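Listed in Swiss-Prot for this protein:
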{"type": "TRANSMEM", "residues": "3-23", "note": "transmembrane segment"}
{"type": "TRANSMEM", "residues": "38-58", "note": "transmembrane segment"}
{"type": "DOMAIN", "residues": "219-246", "note": "domain 'PLD phosphodiesterase 1'"}
{"type": "ACT_SITE", "residues": "His224", "note": "active site"}
{"type": "ACT_SITE", "residues": "Lys226", "note": "active site"}
{"type": "ACT_SITE", "residues": "Asp231", "note": "active site"}
{"type": "DOMAIN", "residues": "399-426", "note": "domain 'PLD phosphodiesterase 2'"}
{"type": "ACT_SITE", "residues": "His404", "note": "active site"}
{"type": "ACT_SITE", "residues": "Lys406", "note": "active site"}
{"type": "ACT_SITE", "residues": "Asp411", "note": "active site"}
Amino acid sequence: MTTFYTVVSWLVILGYWLLIAGVTLRILMKRRAVPSAMAWLLIIYILPLVGIIAYLSFGELHLGKRRAERARAMWPSTAKWLNDLKSCKHIFAEENSSVASSLFKLCERRQGIAGVKGNQLQLLTTSEDVMQALIRDIQLARHNIEMVFYIWQPGGMADQVAESLMAASRRGIHCRLMLDSAGSVAFFRSPWAGMMRNAGIEVVEALKVNLLRVFLRRMDLRQHRKMIMIDNYIAYTGSMNMVDPRFFKQDSGVGQWIDLMARMEGPVATAMGIVYSCDWEIETGKRILPPPPDANIMPFEQESGHTIHTIASGPGFPEDLIHQALLTAAYSAREYLIMTTPYFVPSDDLLHAICTAAQRGVDVSIIMPRKNDSVLVGWASRAFFTELLAAGVKIYQFEGGLLHTKSVLVDGELSLVGTVNLDMRSLWLNFEITLVIDDAGFGGDLAAVQDDYISRSRLLDASLWVKRPLWQRITERLFYFFSPLL
């Protein structure tokens, strides 16, 4: 019996170390950033069992077998659709401004189509303005409405949007609604999901959270897009979830969320429609390719229209493109670069690009909330401040609530607006969307919004920052080490 237990003990020990060695080898064989690999290895060696379970659950990008098969199957028809779209030559821009040229070329070569022109844009800076405009558009819809959100939180004006959507469905408008399972858990636990389905709306719970399948699909891969398409010619996107900030997370101690959305009319709605089509097919298996732009209903104004590229990220989409776009934007800056983000945990490459821009004389400003709803990200963000300040970057800490806007403005002409936070999760993992806009008029509108944010912010004083307590520095460095995993 003693011999039996001895053999079993040695087999357990051998299996334990073989498991650690196997996971270590897998991490080393994967082509990932060195800081990320080192962080995972540290966790595995300090807390082996916890680290191994965490890595198998969250360390690699698993979309799930069924979704991965759908993603592969959809691309032949999607590629044909994109090729057919190229025949609509009147919607594509032939040239761009000097500051936007490199980024638009990158997007065209990675995605296969050029930026689309002739779009009309309107910036909406309050949730009330967004929802009022949306309700009007829903009431005037004639054919179809598609929506996707990370969070839909019942209450306040969000309920008015829901009522208008159900009314549209009852009068014959084809309505589709896709919501992330984790972000919209309150919605799916409320009566609203059933009420909408009873009204004829197709409601899809995207990327369902199922702990029994934790090793088969990465649970923290989320559908983070916020998009609305109406009749294939009106579109919305930006940072706002379908929530009324007067009722959303009021106990978090950060104040109301401050967001920005863009309302668009024009062929950009078609470009966003193909993104939605891909998401819908990956999740449901149903193909809903949008029709090509209709020149009879879309004003392709070459002089006053805005030129836009739509960048989508996530499994099945061009890898690393949003990250490349941000790097290209930073390196294209000649006069000034302004960024707004709620969560700032950049890659080493992006941090280097931002600091280099400041060091070569570009006026670089980053606006982020003073109080953050994520303690982990809040501390990790602070770990980058010293390097940013040393390079000459201005850091503005917004004090008027939780600034949730995600925007970049380069030299007053090149703008990026969408759902992407400047953190690893948005850059490498989630389903995200960003608009790249080449237009000085829109740039002026965005600059006015960013100036308003700055007027409600406090400029971080470098001389005071270096005097912060030692315990804060230690905490910052601790979270900095694990920042590749946040």
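One is the number of the first residue shown, and numbering goes on along the chain from there.
Note that Cβ sites are derived from N, Cα and C of the backbone, with glycine treated the same way.
On the structure: features taken from Swiss-Prot.
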residue: His224; record: active site; Cβ within 10 Å: 25
residue: Lys226; record: active site; Cβ within 10 Å: 23
residue: Asp231; record: active site; Cβ within 10 Å: 17
residue: His404; record: active site; Cβ within 10 Å: 24
residue: Lys406; record: active site; Cβ within 10 Å: 24
residue: Asp411; record: active site; Cβ within 10 Å: 20
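Note on the domain 'PLD phosphodiesterase 1' (219-246): its mean pLDDT in the predicted model is 93. With a threshold of 8 Å between CB atoms, the same-chain residues lying at least 6 positions outside the domain 'PLD phosphodiesterase 2' (399-426) that come near it are 36, 97, 99-100, 103, 150, 220, 224-226, 237-240, 245, 252, 254-260, 262, 311, 313, 322, 325-326, 329-330, 332-347, 350, 367-373, 377, 432-440, 442-444, 446-447, 449-450, 453, 456-458, 483-486.
Under DSSP, residues within the domain 'PLD phosphodiesterase 1' (219-246) fall into helix, strand and coil as 0 helix, 11 strand, 17 coil. Across the fold, the C-alpha of Asp411 (active site) and the C-alpha of Lys226 (active site) stand 27 Å from each other.
In this structure, the C-alpha atom of Asp231 (active site) lies 26 angstrom from that of Lys406 (active site). For the pair His404 (active site) and His224 (active site), the Cα-Cα distance reads 13 Å. Geometry remark: Lys226 (active site) versus Lys406 (active site), CA distance 12 Å.
A distance of 13 Å separates the Cα atom of Lys406 (active site) from that of His224 (active site). Break the domain 'PLD phosphodiesterase 2' (399-426) down by DSSP state and the numbers are 3 helix, 12 strand, 13 coil.
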